[in-house]
Structure formats: C-alpha cells, structure tokens
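Notes to accompany the following structure.
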Amino acid sequence: MVGQTIQKSKAASSQGKEGEMSLRSSSWAHETEQTGGRRCSSSPCQHNGVCEDSIRGYTCTCAEGYEGENCAFAKNECRHQAKEGCHHFCYPGSNSYRCSCADGYELGKDRKQCIALDQCACGRLQDSDNLISETRKKRDERFPWQVLLLNSEGKGFCGGVLLKSNFVLTTAECALLHSHFEIRVGGGR
C-alpha cells in the first residue's frame, strides 16, 4: 500500500453529506430509506468494485483506477460536469486528467476553473450588460433568434439560438451549469 491512495466517501441520500479519507481505492456507502441488507444482490458496483451490504444500504469499494458512485468513473476520465470536471478543456492521463483553458483565460487555483484575464475575453459575456442589448445599442438591429440564458439571480451566463417558439439550441455545458434558468429572447427594442 505504500505510495498508493484511496478515497473513502460516504453519500447519504437523506442528508447529502460527504466525507473523505485516504487509503487505496475508492469506496462509496449508500444509505437508503429501507432497512435490511440485500442491496448487493443487484451488483451495483461497476468495474470489478466490491459490494458490501449494510443495514441501511451498501458500500462499494472500487478497484484501483476507479472512483465515484458505484465505481462508475475512471480516475483519468474527463467528466463533463460543472462542479467536478474541467471548466474548458480536459486531457486524460494514465492516472488522472489535466485541465487547460482557452486563450484569454488562466487556470484557477483548483486547477479546473478558468478565469478570464480581462473583461473582454473571447466568449465571455460582459457583467454590466448582456451581449444582446450591447449589440442592439451599437447597430440598432434586431436579433430575434438570439437568446440569453439567465441564472436564478437574473445574470446572463450563456447564449443560444431560438429554433421554435418552445425550442432553444445551446451547448450541453450551458444546459448543465444551473438546475434552474430562464431565457431572454433578443428580439425587439
């Protein structure tokens, strides 16, 4: 076990708490509302993970190189998740992955998030005003097909294109960034 690490995580469905400890492989404990211990009969642990029944759920101990809930992810696998994965670009390695950023951005302290070097970095919406209204001010043109995705605070975070009255095309990353968002259509003055 020298030189190898393990992550032991406990995910509680009713409380949503997580804890970590180092050893050799990843373990996830799943607590359910049911009592009894035959949860491993469905073989929930993937990639040769070992399942152990407990009174309120089960625990997966992942084989080396795998981690996450039910041992679903390779440690070097790039994950497209706003909270866990790389903000811009991801490069898988032998035991982990490496993140990098587009021109005009630098990698943050967490080595995942990309931070704009200036207010006008490519692809960045200005904080003071959204791109649609700025474009209208400069050209006095209408762009009824453009939409702005707004977070719960009313701030724009991504753009999109209106294809039908009830259908907006945007990127998968934008759709996954927030659990709730609103759309502002760019037509009109």
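For all residues, glycine too, the Cβ spot is worked out from N, Cα and C.
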Could you tell me which of the ranges 1-28, 29-56 is annotated in TrEMBL as region 'Disordered'? 1-28
Pick out which of Cys71, Cys78 TrEMBL lists as the disulfide partner of Cys62. Cys71
Report the member of Cys62, Cys71 (the disulfide-bonded residues) whose C-beta atom has the most other C-beta atoms within 10 angstroms. Cys62
Summarise the domain 'EGF-like' (36-72) as counts of helix, strand and coil residues per DSSP. 7 helix, 12 strand, 18 coil
